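Structure, as structure tokens:
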Amino acid sequence: MAERGGEGGAERGGDRGDFGRGFGGGRGGGRGRDRGPRGRGRRGGRASEETKWVPVTKLGRLVADNKITKLEQIYLHSLPVKEYQIIDHLVGPTLKDEVMKIMPVQKQTRAGQRTRFKAFVVVGDGNGHVGLGVKCSKEVATAIRGAIILAKLSVVPVRRGYWGNKIGKPHTVPCKVTGKCGSVTVRMVPAPRGSGIVAARVPKKVLQFAGIDDVFTSSRGSTKTLGNFVKATFDCLQKTYGFLTPEFWKETRFSRSPYQEHTDFLSTKAVSATKVITEGEDQA
């Protein structure tokens, strides 16, 4: 028995009798040592897959094929933007984002209070385009990521104008505009060049992202509620294109929608995609 435990045990890897050292060292002792970083390799692959955008909607296909090169072409025909990659493709690296606030919100359930996090994110390129996104999620990172996507989907054009003579580039709001959300009311008044943005911290950041250099603002209501404050400012900027001024009184020449203009391109793409599917089914 001693010889069995000594010689056989030594062969099996230790002096623990017949079981050897490590209990199953021959089968799983080197598990995971020579395989490399398992988890990180898969994550890297997912990141590379996410960078490649495969458009799903008609508008996305037109943008990816450079049939549409400006956001104004989308706004002119009031086309709904369903993919945030469209904004990334058209605006590019000039689009910046900032988290305005992250606040915990709670819901009373049978098991107790369920806490989630609500994120407010503003995006803009500083050249007449701004968006606002609000997202609630269990994790802060997920809420911020979702709010950025929603902010890109809600990007709207901001109309800029002059305070006096039309010299140089537009620098302020075209006229007095008012936005409201809840009890908060934000009013913007055109300002002469060089005045700067006279506003509180929250609307000032939104106006900077919108590309407005000079403006006077006044606010009323519970401006302590940051969510309503930033929504009222965004509503105010949306209304800059909500009225007609004398320069828009001219007779409008209507142009065809991009869907009608590039209908051959969209139809051929769809036919080729269906052909590939049917061929794959036939082979199977």
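The backbone N, Cα and C atoms fix where each Cβ goes, glycine too.
Copied over from Swiss-Prot, here are the features:
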COMPBIAS  1-19  compositional bias 'Basic and acidic residues'
COMPBIAS  20-29  compositional bias 'Gly residues'
DOMAIN    95-158  domain 'S5 DRBM'
REGION    1-51  region 'Disordered'
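The DSSP breakdown of the domain 'S5 DRBM' (95-158), given as helix, strand and coil counts, is 14 helix, 38 strand, 12 coil.
In the predicted model, residues of the domain 'S5 DRBM' (95-158) average a pLDDT of 96.
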